[in-house]
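As recorded in Swiss-Prot, the features of this protein are as follows:
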type	residues	note
DOMAIN	90-236	domain 'Nudix hydrolase'
MOTIF	127-148	motif 'Nudix box'
BINDING	E142, E146	Mg(2+) binding site
REGION	299-328	region 'Disordered'
Amino acid sequence: MAEVRVQLLLSRRPESVSFARSVCGLLGAGPGLGTWPIHCSLKRGRLVLSSRPFPGASARLPLQRPPFCPFAALEERPRVPGAELPTDRGVDLGVAVILQSSDKTVLLTRRARTLSVSPNLWVPPGGHVELEEELLDGGLRELWEESGLHLPQGQFSWVPLGLWESAYPPRLSWGLPKYHHIVLYLLVISQESQQQLQARIQPNPNEVSALMWLTPDVAAAVAAAEDGTETPGLLPQDLPPSVLAVELEEDGRARPLVLHMSTLLRMIPTMAEDKERVSTGTKFALKLWLQHLGRTPPPCKSAAYLDPGPAKEEWNMDPLPPNQGSGK
């Protein structure tokens, strides 16, 4: 099916974004790391972004890009012959689900090594949003396609966390970008425990080669290993040397995998390689999840939505507009 494109409200009406332009740059992002608060209209098959409030905006979310964003780098350089990017393509919309268990762990999956885009990376389940598909439905569909998990209606709550400008290859030293997305991270909070969810997981071996559940302390260490920074963040003294994951064998059977912490803390290399690591956007999403753990306002309920009420100063507290999430 056709894919959803991202639109920006830069003047009077929403307009599509050229593939070659940095979304953060067009919205007025400075040279720093961000994040930048962005007003969003999150509707069926459509994502509209603006740096200013506008009629129909239903959320105010943090937007960020990596410090090595290739689109930002290209805009700062003079044009080089042979370095032209497509002019007939836009920026696609992706959605990723940060699935939290009732005992406060989150699910990450390792992308299969055979995938042509971002192989061997640890990421939350996610993918493209299809036309006329609710954003939550798109995230839950991707969760089901990759992990086999179906979340029954009424047994989870959810809230949008933030937006990430993504490119692949992720930096110019790897080559010119071939893919350009804005990824919407959704926090989906299940009423089931990690053990209950794990018992129902049936990973798709064509997309997933391993999976693991992160506790808040491990997630904090992973988020602190920020790509593109000169010095890593301070790590807790009591950080475990490894975490237990589940790996899929070639015949589809699962086996325990002891994953060394150094793998999870690995940063993006300068030159292209497929070493196992946590993706840069995932580190951003984990940081937002950790911030959310300390908040008191309840997230949106599945198939039941909160009244937006008065404008809030904190981003990601405004609920999505009313819709009927199918949970499929």
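A Cβ is built for glycine as well, from the same backbone N, Cα and C atoms used for every other residue.
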DSSP-assigned states of the domain 'Nudix hydrolase' (90-236) in counts, ordered helix, strand, coil: 32 helix, 55 strand, 60 coil
Cβ neighbours of E142 (Mg(2+) binding site) where a neighbour is any other Cβ within 10 Å: 21
Across the domain 'Nudix hydrolase' (90-236), average pLDDT on the 0 to 100 scale: 92
Under 8 Å by Cβ from E146 (Mg(2+) binding site), same chain, sequence gap 6 or more: T109, P125, G127, P203, N204, E207, V208
